[in-house]
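According to TrEMBL, the protein has these features:
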- A:8-137: domain 'Photolyase/cryptochrome alpha/beta' (DOMAIN)
- A:166-179: compositional bias 'Pro residues' (COMPBIAS)
- A:166-211: region 'Disordered' (REGION)
- A:323: site 'Electron transfer via tryptophanyl radical' (SITE)
- A:377: site 'Electron transfer via tryptophanyl radical' (SITE)
- A:400: site 'Electron transfer via tryptophanyl radical' (SITE)
DNA sequence: GTGACGTTGTCGCT
DNA sequence: AGCGACAACGTCAC
């Protein structure tokens with residue numbers, strides 16, 4: 001016979017994982033619950049343009065709006081609370097007589113520190129805490145356990161560990177059409193104070209400058225659309241993509257949705273397997289689309305199990321390099337003033353759209369660090385973290401260590417050319433002209449190295465090098481030898 | 001200790 | 001389009 005279970009009043013705390021599909025924490029929260037309080041806590045500390053760029057914040061707000069609509073359609077709501085979660089949550093769990101707190105596990109350093117404190121406080125208040133793994137394919141600890149207790153440093157090692165683990169868990173079932181309600185009389189749940197704020201209310205410009213839209217609805221539509229071309233999915237090989245394609249990008253652009261959890265990696269995994277089953281001849285990891293999802297996992301495992309992962313100092317997997325950290329070089333790189341159109345156009349695309357192709361990221365990261373400017377990867381990582389919509393700390397720091405030859409990758413003599421790399425994909429320079437309109441009238445012959453154009457050509461193009469557009473801040477041929 | 005290998009370089013040659 | 005030289009890194013398997 002079953003013991004009587006006391007009715008539960010649950011908080012479902014959203015952070016990443018901004019979705020209803022494949023959401024085990026949501027299912028845990030509604031089990032035996034009379035009341036469900038879905039909350040998101042906006043911490044004003046992060047809401048500054050020098051910490052979170054407008055495109056990134058816009059994506060978050062759109063995702064919250066979509067999540068709120070989906071919850072409302074199921075008789076629930078999303079309460080957007082303001083403040084530090086460590087202050088806000090204890091206040092509301094008291095006000096609402098909460099018995100259970102559920103959230104998705106987050107392995108990032110800042111999240112673990114925060115969640116440890118909140119879990120302790122909740123348990124002290126007699127609240128049951130349930131945290132589920134659903135942001136990654138696997139529990140990162142399981143991968144580490146299969147690799148002899150440490151994070152794999154090579155793709156091969158990672159592949160071996162996950163092969164031993166078997167396929168990741170399937171997505172959990174969708175939530176019911178009717179969710180438990182919020183109690184009608186609960187303090188602090190009126191829609192005046194719990195609505196999704198606008199960019200303007202948060203002190204940002206009225207509009208984002210990107211076309212990339214946030215939200216679970218958008219994520220699922222994009223997934224369906226991208227995977228509908230099965231031939232393309234089966235043939236996908238990342239290194240063969242064109243980083244200068246900007247009207248129709250060469251990749252899925254699902255990364256922002258994976259970052260915020262509008263799309264479950266397990267759902268993506270399952271959808272890919274369905275295509276591969278149908279298309280017997282298909283590309284394989286590490287270059288395939290599945291491979292891209294596995295690289296994400298690789299970096300999550302490394303980040304979760306490496307001390308000081310986000311810094312050079314004290315980071316056992318990071319090569320210690322005496323970077324120059326020339327502040328003017330760093331600013332020029334960030335503000336598209338290096339004088340190399342390929343580099344400057346990529347950074348302009350980043351600022352405007354919050355996204356660029358993976359290989360374009362390689363080029364600017366190599367240029368800032370080991371290739372040309374010799375500025376620390378931590379600086380570039382910070383810029384990406386602020387401006388990239390899909391900026392995910394585990395992946396971001398990991399890729400910067402990779403590109404700066406600080407970890408995972410060490411063939412430092414493989415340097416991307418800031419002139420020929422872009423040219424081979426886009427001899428006409430359409431990409432450069434689009435993102436750097438000052439150069440739009442340069443003939444293709446000089447678009448990748450405009451400083452070589454004769455004075456008459458510069459005058460005719462209406463852009464004098466050294467005056468309207470900078471001369472190269474370093475001589476690539478010279479500095480890349482270092 | 002040794003040797004093979006590493007998601008996605010460039011240049012110049014054939 | 002495909003190949004070797006470049007100048008030589010760290011990790012892993014043996």
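Glycine residues also receive a Cβ, built from the backbone N, Cα and C atoms like all the rest.
Since the structure is predicted, the reported quantities are computational estimates derived from the model, not experimental observations.
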Beyond the flanks of the compositional bias 'Pro residues' (A:166-179) by 6 or more, those residues with Cβ under 8 Å of it: 20-24, 26-27, 30, 36, 71, 74-76, 134, 137-138, 264-267, 269-270
Between residue A:323 (site 'Electron transfer via tryptophanyl radical') and residue A:377 (site 'Electron transfer via tryptophanyl radical'), the C-alpha gap once rounded to whole angstrom: 9
Residue distribution over DSSP helix, strand and coil in the compositional bias 'Pro residues' (A:166-179): 0 helix, 0 strand, 14 coil
Cβ-Cβ neighbours of residue A:323 (site 'Electron transfer via tryptophanyl radical') (radius 10 Å): 19
Residue counts (helix, strand, coil, in that order) that DSSP gives for the domain 'Photolyase/cryptochrome alpha/beta' (A:8-137): 56 helix, 31 strand, 43 coil
The domain 'Photolyase/cryptochrome alpha/beta' (A:8-137) [mean pLDDT, rounded to integer]: 97
Pairwise Cα distance for residue A:400 (site 'Electron transfer via tryptophanyl radical')/residue A:377 (site 'Electron transfer via tryptophanyl radical') [Å, integer]: 6
Cβ atoms near residue A:400 (site 'Electron transfer via tryptophanyl radical') (within 10 Å, other residues, all chains): 25
List of residues, in chain order, with Cβ under 8 A from that of residue A:377 (site 'Electron transfer via tryptophanyl radical') and at least 6 apart: A:312, A:323, A:365, A:368, A:369, A:400, A:401, A:403, A:404, A:406
